[in-house]
Amino acid sequence: MLKENLNSVTAFAPATCANVSIGFDILGFSFDGAGDFVTLKKRVDGKIIIDNIECEEKLPLDPNKNTASVVIQKLCEDLNIQNGFSISIKKGIALGSGMGGSAASAVAALTAFNAFLKKPLSLQELSNYALLGEEAACGQKHADNIVPCLYGGITLIQSTDPIHVVELPVPNLHCVLIHPYLKVETKHARGVLCTSVPLKECIKQSANTASFIAALYQANNALLKKSAQDFIIEPQRAHLVPGFYEVKKAALDSGALVSSFSGSGPTLFALAETKEMALTIAENMQNTFLAHEIKTEFWISKMNSKNAFVVEAH
């Protein structure tokens, strides 16, 4: 079942921007400007342990409480793998940032594990295991981070049971992710949301989601900009980040086509037509946060189709 000559594999999984303003729990894209590294090393004692986690904040080494180890435990159980694994994690994504940190750890672990298998699992099969990691992290199996992390590019999750993914055209744009030094736990950000939506709002949101996807296929930036208005989720979460609407306005006034929360926040994203414009947008968003006495860091990356990959294997 496992390759005998392979003892250690390191994989990288990128950050992700979930929801993309108008696609709550169904849209997401990968962002390779940041991400997590996970190394798996074979053990002969059958144990799954976390050796170390390189992270700015202290994380528990209990393998039952980390998305990377949870998915490896389940894989070993389902595939009847007798070997154990030591897991090392290098976090490049801040905790509670809205950049898919829990998904990246799980996906990097899955990608490394898949390299050990004589018959690798499909992306669809890996997605089902990654969902277990998200459930462990926030109590719900949402796929809008794990799917773009595994597949790369921009993805639409048509269904999670069974998992069905639609890979969408990637626009020729640059993305800004700006992370204010605040923490918003996914569980809390999901907890503030209403459980029902007025039909009128649902119709407007559905129209925008459909036209946003059409804009991707048409490479129509004007339609993309017009469609990216969130009537449901953003208004309920804006209070979680001081100055949210001012920062968003700074992005749009600087030429951004789209700007909103990345995932559950507090990170915001913005899409721009050029790298130079993206830098201007990022700096103006950063200055607006500073006016609220909030420090930030930002990343800029061209939108592309890069997904999780093996960095080293020996």
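Don't overthink the numbers, they just go from 1 along the chain as shown.
Glycine residues also receive a Cβ, built from the backbone N, Cα and C atoms like all the rest.
Taken from TrEMBL as is:
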{"type": "BINDING", "residues": "Ala94, Leu95, Gly96, Ser97, Gly98, Met99, Gly100, Gly101, Ser102, Ala103, Ala104", "note": "ATP binding site"}
{"type": "DOMAIN", "residues": "67-153", "note": "domain 'GHMP kinase N-terminal'"}
{"type": "DOMAIN", "residues": "214-289", "note": "domain 'GHMP kinase C-terminal'"}
Query: Taking the Cβ of Ala104 (ATP binding site) as centre, how many other Cβ atoms lie within 10 Å?
result: 32
- prompt: Going by DSSP, how much of the domain 'GHMP kinase C-terminal' (214-289) is helix, how much is strand and how much is coil, in residues?
  reply: 44 helix, 9 strand, 23 coil
Message: Through the lens of DSSP with three states only, how would you label Ala94 (ATP binding site)?
response: coil
- line: Minimal Cβ count within 10 Å, across the binding-site residues Gly96, Gly100, points to Gly96
Field: Three-state composition of the domain 'GHMP kinase N-terminal' (67-153), taking helix and strand from DSSP
entry: 51 helix, 8 strand, 28 coil
Query: If you count the C-beta atoms lying within 10 Å of each candidate's C-beta, which of the binding-site residues Ala94, Gly98 ends up with the smallest number?
result: Ala94
Shell of the ATP site beyond Ala94, Leu95, Gly96, Ser97, Gly98, Met99, Gly100, Gly101, Ser102, Ala103, Ala104, same chain only (C-beta within 8 angstroms of their C-beta centre): Ala15, Ile93, Asn145, Gly263
